[in-house]
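Participant: Handing you a structure now.
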Amino acid sequence: MGSVGSQRLEEPSVAGTPDPGVVMSFTFDSHQLEEAAEAAQGQGLRARGVPAFTDTTLDEPVPDDRYHAIYFAMLLAGVGFLLPYNSFITDVDYLHHKYPGTSIVFDMSLTYILVALAAVLLNNVLVERLTLHTRITAGYLLALGPLLFISICDVWLQLFSRDQAYAINLAAVGTVAFGCTVQQSSFYGYTGMLPKRYTQGVMTGESTAGVMISLSRILTKLLLPDERASTLIFFLVSVALELLCFLLHLLVRRSRFVLFYTTRPRDSHRGRPGLGRGYGYRVHHDVVAGDVHFEHPAPALAPNESPKDSPAHEVTGSGGAYMRFDVPRPRVQRSWPTFRALLLHRYVVARVIWADMLSIAVTYFITLCLFPGLESEIRHCILGEWLPILIMAVFNLSDFVGKILAALPVDWRGTHLLACSCLRVVFIPLFILCVYPSGMPALRHPAWPCIFSLLMGISNGYFGSVPMILAAGKVSPKQRELAGNTMTVSYMSGLTLGSAVAYCTYSLTRDAHGSCLHASTANGSILAGL
């Protein structure tokens, strides 16, 4: 009869029958009996004696995302795991005032990326060990703690010396990096199990975080002349937004819509979606003998025990009554997968999505070569510290637009995406011309860096989102969480290399701060600057 529990539908046997058109003996494996029966209904096979089984759990309608609430929640999830880091680097005016003559923004960027790379590698290993929501919750807590600590102890109470505060801020950025990256990597695996538009929603949320933080910094700086007070309010607003994202996640994870999609890949390991409590069975019907055998791949039987003595085996007599039952799934203790199995799972996924992995890595490598490091050091004698704030705001806003454009239904091939991502390398020499030669750059007008930042932001948002969105659809449902985590590893690899290269550009801006004699008088008011 073939091995029990196999996943193929065996051909019916017609040998030795009086009529070749009558099936006398047939065997079905696992839940494929229902699939065959459903197909048979449309062809009128029921009249020829083919048994039909139906399961009401399979007819459950797909829940609706009413009022796009789940999409909005996923957008805020994207806000939640980039908002803390953006909060640290967007108050660039406060950092330059408190730590003059230092590479604080470069140090924060490199610290964040190095810790984030380690975190995403660890999360990729633990994806089969720790539950999804455990990782996300831990990420939120690790992001909220440092934000609140720096707001109260450093910005408000100023409990530390300059050197201590410098080190503590870097440590806070490292803690935020670990928490937010575990959270980010988990969310991409999370949304990979949902329809594609929700991955795009998370990536749009990343850009929304930048836009919200840039607007928050501009408003607090305009409304509160005192730099310390404006920075404190700025950080407290960030804490409130992060807390809102966390609370919304706790609500959405229990919604019918999310549970419908996130439990399907889990159930597919057991057979068909929706049959989560069963463990599969085999049906064998011999018309000549009048027997119907139901077998289940139960644990190995004792040597002296017959298969028909197993509780997973049932026979009906010649009366023709069919029985269906599921044997409860045995409780199996979850154990660590072997190192070879981990590598094999990732290799299988990477073979399918390699072009998307390279595309997203190249996109973020080029971006991190320039943002936030080099962009934060661009100066103008009239606009002063307002210019880097405006440039970063333009980038965040255009990145937001690019990620919205990523929702357009364009059929990209992976190699074409990779080629377009590589073309963005042209932004590196263009931005260098905005700061070099030091004190008298070739493109000294403030409009140039704003235009380049606009174009770089749109292309970063688009080509940083499309590969992530498409990758999850190229693998099977049970591989989507792993594909999301693997794409995040590529994403973080690009960020890490880009941050390392960005340090090479710091020497180009080292003397730019003293090139403007009147820059300090222009920083007090945006009206005076314009």
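Glycine is treated like the rest: Cβ placed from N, Cα and C.
In case it helps, Swiss-Prot gives these features for our protein:
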CARBOHYD  N523  N-linked glycosylation site
REGION    1-21  region 'Disordered'
SITE      E206  site 'Essential for cation selectivity'
TOPO_DOM  1-68  topological domain 'Extracellular'
TOPO_DOM  90-101  topological domain 'Cytoplasmic'
TOPO_DOM  123-139  topological domain 'Extracellular'
TOPO_DOM  161-166  topological domain 'Cytoplasmic'
TOPO_DOM  188-231  topological domain 'Extracellular'
TOPO_DOM  253-351  topological domain 'Cytoplasmic'
TOPO_DOM  373-381  topological domain 'Extracellular'
TOPO_DOM  403-416  topological domain 'Cytoplasmic'
TOPO_DOM  438-450  topological domain 'Extracellular'
TOPO_DOM  472-486  topological domain 'Cytoplasmic'
TOPO_DOM  510-530  topological domain 'Extracellular'
TRANSMEM  69-89  transmembrane segment
TRANSMEM  102-122  transmembrane segment
TRANSMEM  140-160  transmembrane segment
TRANSMEM  167-187  transmembrane segment
TRANSMEM  232-252  transmembrane segment
TRANSMEM  352-372  transmembrane segment
TRANSMEM  382-402  transmembrane segment
TRANSMEM  417-437  transmembrane segment
TRANSMEM  451-471  transmembrane segment
TRANSMEM  487-509  transmembrane segment
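Each of the listed features needs to be described in terms of its position in the shown structure.
Facilitator: Around the Cβ of E206 (site 'Essential for cation selectivity'), the number of neighbouring Cβ atoms within 10 Å comes to 25.
Residue counts for the topological domain 'Cytoplasmic' (90-101) by DSSP state, with H, G and I taken as helix and E and B as strand, are 8 helix, 0 strand, 4 coil.
Distant neighbours of the topological domain 'Extracellular' (123-139): 81, 179-187, 189-190, 249, 253, 262, 334, 336-337, 342, 346, 481-482, 485-486, 488-489; these residues of the same chain sit at least 6 beyond its ends, with a Cβ under 8 Å from one of its Cβ atoms.
Sequence-distant contacts of the topological domain 'Cytoplasmic' (161-166) (same chain, at least 6 residues past either end, Cβ-Cβ under 8 Å): 98-99, 102, 104, 154.
Mean pLDDT for the topological domain 'Extracellular' (188-231) in the predicted structure: 88.
Taken residue by residue, the topological domain 'Extracellular' (373-381) breaks down under DSSP into 4 helix, 0 strand, 5 coil.
Listed as Cβ neighbours of the topological domain 'Cytoplasmic' (403-416) (distance under 8 Å, sequence separation of 6 or more from its ends, same chain) are residues 197, 200, 203-204, 206-207, 353-356, 359, 458, 461-462, 464-467, 469-470.
Using a Cβ-Cβ cut-off under 8 Å and counting only residues 6 or more beyond its ends in the same chain, the transmembrane segment (69-89) has close neighbours at 95, 105, 108-109, 112, 139-140, 143-144, 146-147, 150, 169, 172-173, 176-177, 179-181, 183-184, 187, 191, 194, 197-198, 201-210, 212-213, 234-235, 238, 241-242, 244-246, 248-249, 251-252, 255, 257-258, 372, 376, 396.
Panel annotation: around the transmembrane segment (102-122), residues 85, 88-89, 92, 95-96, 166, 169-170, 173-174, 176-182, 184-185, 368, 372-373, 376-377, 485, 488-489, 491-493, 495-496, 498-500, 502-503, 506 of the same chain, lying at least six beyond its termini, place a Cβ under 8 Å from a Cβ of the stretch.
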Participant: Does the transmembrane segment (382-402) reach the transmembrane segment (451-471), going by 3 or more CB pairs under 8 Å (6 or more apart in sequence)?
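Facilitator: As far as Cβ distances go (cut-off 8 Å, pairs 6 or more apart), the transmembrane segment (382-402) and the transmembrane segment (451-471) touch.
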Participant: Restricting to the same chain and to residues at least six past its boundaries, which positions have a Cβ under 8 Å from a Cβ of the transmembrane segment (232-252)?
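Facilitator: Residues 69-70, 73-74, 76-77, 79-80, 83-84, 87, 91, 136, 140, 143-144, 147-148, 150-151, 155-156, 212-213, 216-217, 220, 224, 258 contact the transmembrane segment (232-252) from elsewhere in the chain.
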Participant: Determine which residues of the chain contact the transmembrane segment (451-471) at the Cβ level, with the cut-off under 8 Å and only residues 6 or more beyond its ends counted.
Facilitator: 188, 196, 199-200, 203-204, 207, 353, 355-357, 359-360, 363-364, 367, 370-371, 375, 391-392, 394-406, 410, 412, 414, 417, 420-421, 424, 427, 430-431, 434, 483-484, 487, 491
Participant: Which listed range (140-160, 167-187, 417-437, 487-509) shows the maximal number of Cβ pairs under 8 Å with respect to the transmembrane segment (352-372)?
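Facilitator: The stretch with the most close Cβ contacts to the transmembrane segment (352-372) is 487-509.
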